[in-house]
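Scroll down for the structure; my scribbles are underneath it.
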Amino acid sequence: MSKVFNFSAGPAMMPEAVLAQAQAELLNWQEQQTSVMEVSHRGKLFMALASQSELDLRQLYQIPDNYRILFLQGGARGQFAAIPMNLLKEKGKALYLTSGHWSATAAKEARLFGDIDEVNILEEGNELKIGQLDFSHIADQYDYVHYCPNETISGVEIFDLPKVGNAVLVADMSSNILSRKIDISQFGLIYAGAQKNLGPAGITLVIVREDLIGHARQTTPTIWNYEIQSKADSMINTPPTFAWYLCALVFKHLLSLGGIEEIEKRNQAKAQLLYDYLESTPFYRNPVAKVNRSRMNVTFTTDNDELNAKFVAEATAAGLHALKGHKVLGGMRASIYNAMPMEGVQALIAFMKQFEAENR
């Protein structure tokens with residue numbers, strides 16, 4: 001069977017080594033003659049897995065001791081509601097820096113729970129570019145400042161941290177979590193849906209500073225209350241054990257490759273190769289300014305809808321799957337998360353060259 005590369009924005013490609021291990025252990029996990037999906041989440045073996053997964057994640061990201069790690073459900077959309085329910089306190093208001101669809105959606109949901117100010121930081125001229133990031137002069141009036149450092153639809157990534165003074169910085173890292181080095185101590189809370197870089201859909205990571213826990217409004221549902229979830233080790237209800245197990249395997253896999261430093265180098269190399277090709281030809285166009293081009297989601301177009309549709313169809317037939325751009329933007333999108341090997345990017349570029357030669 002010929003090799004297939006999955007460029008889906010999510011659920012996304014998983015590391016082949018992780019899938020192979022999961023396949024090998026599927027019917028007999030930890031010599032129990034049963035699947036990890038069938039064991040008690042409160043049993044000794046799964047509790048050990050949960051504990052080790054947290055230790056491995058702490059090692060990967062150098063997470064300080066005064067941060068709690070939660071493995072929750074409901075996706076990033078669930079956190080759009082959970083964050084204001086837990087973090088809106090005395091000031092009763094938050095600032096949302098919007099740069100695309102997902103940050104704007106988060107702001108819209110947060111308005112159900114408090115006073116939300118929104119500032120659009122995306123400049124839309126000939127190229128998409130992030131504008132002002134210094135909000136230190138106004139941030140103190142807010143309980144927290146929220147932003148999304150990588151917008152999957154447009155392929156816009158923010159590499160510099162917003163300046164927010166002493167305010168709490170909250171980041172939706174669903175699409176670039178574990179893709180590059182970050183200083184966790186600069187954030188009050190980080191959250192991410194798993195289905196791009198962490199594991200399969202169905203589990204959500206929250207990394208939250210301890211002093212931000214314990215302030216949820218009284219009407220906060222139990223499953224969204226960080227204090228209750230933290231005290232219950234993310235097991236106030238039965239967690240998605242198989243998804244958690246796969247995340248644990250991904251963490252081990254990333255450590256075996258050399259950790260975040262090595263992963264970042266690989267991601268830089270993959271993205272640079274693809275962007276260099278896009279720069280070399282007028283046949284395709286990327287709409288994002290160089291300084292904000294995403295390493296995870298590379299968008300491009302021929303500026304011809306019929307030609308774009310033909311590209312996607314022929315690419316799929318060639319084993320390059322899920323390259324259709326989001327309906328909001330159109331064109332094509334290659335999502336090249338951690339699990340995408342350099343071989344996949346090279347195969348895509350080879351196809352793009354062939355398609356250009358046949359259709360220019």
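Glycine is no exception: its Cβ is also placed from the backbone N, Cα and C atoms.
These come from Swiss-Prot:
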BINDING   R42  L-glutamate binding site
BINDING   A76, R77, W102, T152, D172, Q195, N237, T238  pyridoxal 5'-phosphate binding site
MOD_RES   K196  N6-(pyridoxal phosphate)lysine
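All protein chains considered, the CB of N237 (pyridoxal 5'-phosphate binding site) has 12 other CB atoms within 10 Å. Neighbour list (T152 (pyridoxal 5'-phosphate binding site), Cβ cut-off 8 Å, at least 6 residues apart, same chain): A9, G10, W102, S174, S175, K196, S294, M296, N297, H326, R333, S335. Around D172 (pyridoxal 5'-phosphate binding site), the same-chain residues at least 6 positions away in sequence with a Cβ under 8 Å from its Cβ are A76, Q79, W102, S103, A106, H146, Y147, C148, P149, Y191, A192. Each of the recorded positions R42, R77, K196 was scored by other CB atoms within 10 A of its CB, and the lowest score goes to R42.
In this view, W102 (pyridoxal 5'-phosphate binding site) is surrounded by 21 other Cβ atoms within 10 Å of its Cβ, with every protein chain counted. Long-range C-beta contacts of Q195 (pyridoxal 5'-phosphate binding site), restricted to its own chain and to partners at least six residues apart, with a cutoff below 8 Å, comprise G10, P11, A12, A201, G202. Under DSSP, A76 (pyridoxal 5'-phosphate binding site) is assigned to a helix (H, G or I) in the three-state scheme. On a Cα basis, R42 (L-glutamate binding site) lies 9 Å away from T238 (pyridoxal 5'-phosphate binding site). Largest CA to CA distance in the pyridoxal 5'-phosphate binding set (A76, R77, W102, T152, D172, Q195, N237, T238): 31 Å, whole number. The separation of R42 (L-glutamate binding site) from N237 (pyridoxal 5'-phosphate binding site), Cα to Cα, is 11 Å. Counting every protein chain shown, the number of other Cβ atoms lying within 10 Å of the Cβ of A76 (pyridoxal 5'-phosphate binding site) is 22.
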